[in-house]
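Below you'll find the structure, written out as structure tokens, and then a few comments.
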């Protein structure tokens with residue numbers, strides 16, 4: 001009877017363990033940067049999954065992990081819902097739990113497939129492939145949500161060396177592979193040969209990653225570009241208050257006028273001017289004259305009204321050329337546009353009146369800047385590698401993002417996004433210029449290193465220089481194709497091992 005009672009509690013305790021592992025998952029990401037935890041936590045989860053022979057239980061373990069990870073890792077969404085949608089904390093937390101409940105489906109499916117269709121060592125080959133492929137799908141289905149993807153944990157360490165070749169999903173595959181090699185060593189710990197083989201595999205994987213990271217696919221082109229990134233630190237409650245617009249415009253104009261004389265590019269954050277360009281023609285004309293007189297280019301976040309449609313946009317002012325625009329293409333669901341507007345529109349507008357009214361933008365994705373090209377993204381577009389690649393494919397020699405993380409208050413959202421931006425730089429081997437309203441405003445090197453940054457929640461201007469880089473990395477040219485081909489080869493290997501095991505049993 002005691003044994004039966006113990007057996008009854010074994011799986012619930014396993015579920016609790018998986019949930020705790022998931023809650024700890026965000027610690028592997030910025031701002032905590034405990035990158036090694038990603039390997040340890042995956043090792044623990046994969047051990048839990050491979051020691052059960054029931055696919056449904058494996059799926060439940062994956063679901064518990066994913067639910068815990070997203071409840072803790074993107075809890076900052078509740079800040080926006082509470083402060084600006086006027087939800088009470090319980091309802092805002094419930095909305096985060098709903099998002100986590102959806103995102104947890106992907107790791108659950110990955111573990112279900114691994115346990116259902118593979119056995120023994122083949123399962124260890126399939127596990128990392130299915131785990132990362134589930135992340136790849138999560139970043140694409142239903143507009144995509146790439147947060148807390150495994151590869152980002154390795155942005156600044158040796159396994160990140162695969163990024164220019166295979167992208168962050170290839171980095172994630174190596175990370176999950178590291179965990180499964182350790183798990184194989186644990187399973188075969190009675191065999192000295194297996195332990196030696198496992199250590200050798202880890203050393204080879206690490207060495208290849210270091211070697212891959214030392215290869216340069218891009219090269220400097222032209223002179224360094226002197227930039228000034230203006231961080232306005234405007235509270236959201238003031239930004240969209242029509243009575244404060246004149247004061248906000250004056251605030252930014254003064255910051256523009258205070259930029260160093262030798263700056264060639266002055267950048268203002270997302271919706272720095274919270275008013276349509278058609279309503280301030282005189283100010284824009286004055287800025288054009290100032291641009292021509294001082295030989296500076298301005299890129300300003302401002303909503304655009306064109307052909308009866310509204311766009312979240314960046315306006316480029318070059319006194320020697322007509323106005324140029326970049327329109328945000330990848331919009332935030334329920335914030336900038338409303339899926340199924342007839343069904344969901346009334347509910348969204350009840351909580352967030354005025355939101356969800358932007359239209360989807362379109363190219364060009366790169367703006368000319370003093371003989372170079374800036375690959376443009378706005379807000380969370382920089383989190384999607386396929387969006388960043390659009391500017392690179394148009395010849396961008398550096399990346400430029402404007403954002404506003406004031407929506408998320410004093411949370412980890414800005415640090416997570418900066419880490420994702422650093423991975424984009426490393427994937428493309430292009431420097432990144434990031435200008436935000438409240439931080440983190442920063443300059444990132446082509447190797448993904450944070451060169452300099454402003455403190456959060458201060459008014460200031462980050463002055464520095466970037467060296468434009470020409471050329472394409474394998475990832476920049478082919479995107480996820482090399483990673484997908486490698487994953488397919490590993491899956492064929494796992495299938496082959498499974499068939500051999502099945503035939504030997506017969």
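Using N, Cα and C of the backbone, Cβ positions are placed for all residues, glycine too.
Some features that TrEMBL has for this protein:
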- 9-28: transmembrane segment (TRANSMEM)
- 58-77: transmembrane segment (TRANSMEM)
- 89-112: transmembrane segment (TRANSMEM)
- 124-142: transmembrane segment (TRANSMEM)
- 162-183: transmembrane segment (TRANSMEM)
- 195-217: transmembrane segment (TRANSMEM)
- 230-468: domain 'CN hydrolase' (DOMAIN)
- 478-497: transmembrane segment (TRANSMEM)
- Query: What else in the chain is close to the transmembrane segment (89-112), if you only count residues 6 or more beyond its ends and a Cβ gap under 8 Å?
  - Reply: 45, 49, 55-56, 58-71, 74-75, 77-79, 81-82, 127, 130-131, 133-135, 137-138, 145
- Query: Which bits of the chain, at least 6 residues beyond where the transmembrane segment (9-28) starts or stops, bring a Cβ under 8 A of a Cβ in it?
  - Reply: 34-38, 41, 44-45, 48, 52, 57, 60-62, 64-73, 148, 153, 412
- Within-chain partners of the transmembrane segment (124-142) [C-beta distance under 8 Å, separation at least 6 from its ends]: 42, 46, 49-50, 103, 106-107, 109-111, 113-114, 117-118, 149-151, 169, 172-173, 176-177, 179-180, 183-184, 333, 384, 480, 483-484, 487, 490-491, 493-494, 497
